[in-house]
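Taken straight from TrEMBL:
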type	residues	note
TRANSMEM	A:6-28	transmembrane segment
TRANSMEM	A:33-54	transmembrane segment
TRANSMEM	A:60-82	transmembrane segment
TRANSMEM	A:89-111	transmembrane segment
TRANSMEM	A:141-158	transmembrane segment
TRANSMEM	A:188-210	transmembrane segment
TRANSMEM	A:216-234	transmembrane segment
TRANSMEM	A:241-261	transmembrane segment
TRANSMEM	A:267-283	transmembrane segment
Amino acid sequence: MDITVNILLTIATAATPLLIAAIGELVVERSGVLNLGVEGMMIMGAVGGFGATYLTGSPWIGLLAAIAMGAVFSLLFAVMTLSLATNQVATGLSLTLLGLGLSGMMGTSFVGQPGERLPNLDIPGLTSIPVIGRLLFGQDPIFYISIALTAAVMWFLFKTRTGLTLRSIGDSHTSAHALGIHVIRYRYLAVIFGGACAGLAGGHLSLVYTPQWVENMTAGRGWIALALVVFASWRPWRVLAGAYIFGAVWIGQLHAQAFGIPVPSQFLSSLPYLATVVVLVLISRNKRLTMMNTPASLGQPFVPDR
Amino acid sequence: MMRLELVKRPQRSVLFSALSPFLAFALTIIAGAIMFALLGVNPLTAFRIYFIEPVSQVWQLHELAIKAAPLILIAVGLSVCYKANIWNIGAEGQFILGGIAGSIIPVLFPQFEGPLVLPLMLLLGMVGGAAYAAIPALLKTRFGTNEILTSLMLVYVAQLFLDWLVRGPWRDPQGHGFPQTIQFNDSAVLPELMPDAGRANWGFVFALIAAVLVWILMSRMLKGFEVRVLGSSPRAGRFAGFGLNRMVFFAFLLSGALAGLAGISEVSGAIGQLQPVISPGYGFTAIIVAFLGRLNPLGIVAAGLVLALTYLGGEAVQSALGISDKVARVFQGMLLFFVLGCDTLIHYRIRLIGLALTKPESAAKLEAAPKLKEAR
């Protein structure tokens, strides 16, 4: 029983950063913007979170720093693609390349330094309930944020007027503009929200998952988050499901390596990436489903006509 | 509070089209100066060490050519993809697979020597790269799967596969446990161009030939026209009878083959054996080279030399000033950012507007209209 609980807990820990980054990107893409810089914003969040914790000694300040780092870094993308109407694919790529370089440079002195982990929730009486206690009341704070965030985004997108406006911008920015909606302003806010989420996801890696700084520690998670959004056909609850499936794959291959299964560890390590490809193929085979759900103006630059 | 407003030019600006890479480079230098100053280094000293000292002697120019060759080879292929609006960002993986496929002969059949070895290796390298690039192309044409994500995911798979090979079945039994293959025999090593002057090998010549050939393809042949039409308007291309699926395969196979050639040239020329890591991110840096070279093969040659210099400069400031060589990656990222930003000037004029002064847009528009007429 204890082993099962432990495995479930590690799956939740592996799924949380994927979920947060993907939920953020989902909002961005719903507004019609494709930000391929998730990996870059995430790694900046990771280095910012670790750095602030290292300097102040408080992982809570680190948490805030990770969010701020992601948001500020995404602003760079927003100015380029929204104000200067640059190609979103190329700009997103450059955000990732810049983030990987910048974080490596900023983190040079953090390599090998001991980190501080965000403490797990511990409610006297509740956390000690057998089995469900630790699952429900004993996880790290970012886990609860990720679940709350998913619910909040679900409510925001489908139950509020602002959410409806955001979705309409994603489907046709020209119509939205004609209705007098500030397309660019909405998109700025969406991109910054996505950046903050990616930063928080990176912070989870360097403050909870492995509380230390390792160069390139995101290891493609930002890209997997992007794939999750497609896999979920832009629906928050499917992102939640997808993130946990991927978390399970990630943890599964780690456990398989630890058990000494006679398969080379490199093959097991490549499973999450191969699974991403397979999942993308499965979901895109159904052309009608994809066509119906993809925000129609996704990735297209918009210059207001005056 | 200021706001940017883009005003569409009647036609694309030839001036800014030529100027934009230089403008971007100048902005990168300014941002770099600020960065060095923040790191507590005199920017002038840093720039001398970064950009001038690494290319002040002949043997160093050879090192520059070694770094530029893979960047140019890969970027020339990518430029065809990006012109056709096809996003192959997995060149790093195709580079690795090219290196692996090309190494089959020297690693598994080391007793095979002679003048045939090298051409076969180069051919196998191209085939390996192209075959690996065919996967995202197939998935895109057959199932409509997004090629950006699949080609990128395959990079991680390729890196892990190479890691397994050199630690497992292909490890040199006499290598004292180091994760590397046997040293290639002499007939499997790409010869140096001028052994007395420096290390530069034939890879650089391949890069120049590829650039010229692709330039001819793109500017003088029907296929190049097809690429451009399908890239700017797939609908128009369909009416002209150009097949989008065939184009996806053409672009991926071409760029994959060139990345594979770059991979085997690097392994056989600069390294001489397979190691767990054979590329300092050439496949990703080549994306920057392609854009900085304006997706034009001849521009890419120049851009490749510039980006190669950022690698050498990064190593130089690390040894001379103790700054992390990651500074090279930062320079590369900034360069791409600025070149994309400056490209906006080709199609738009930028107006700065003070937010506090603007009225509701419709009202401002009504007022502005007569004034515009007067101004004309």
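Here, residue 1 is simply the first one shown, and the rest follow in order.
Any Cβ shown, glycine's included, is placed from N, Cα and C.
Unlike curated records, TrEMBL annotations are generated automatically.
In this chain, the transmembrane segment (A:60-82) lies out of contact with the transmembrane segment (A:216-234); the count of Cβ pairs under 8 Å, excluding pairs fewer than 6 apart in sequence, is fewer than 3. The highest tally of CB pairs under 8 A with the transmembrane segment (A:60-82), across A:89-111, A:141-158, A:188-210, is held by A:188-210. In this chain, the transmembrane segment (A:267-283) lies out of contact with the transmembrane segment (A:188-210); the count of Cβ pairs under 8 Å, excluding pairs fewer than 6 apart in sequence, is fewer than 3.
A:33-54 is the stretch from A:33-54, A:141-158, A:267-283 with the greatest number of Cβ pairs below 8 Å to the transmembrane segment (A:89-111).
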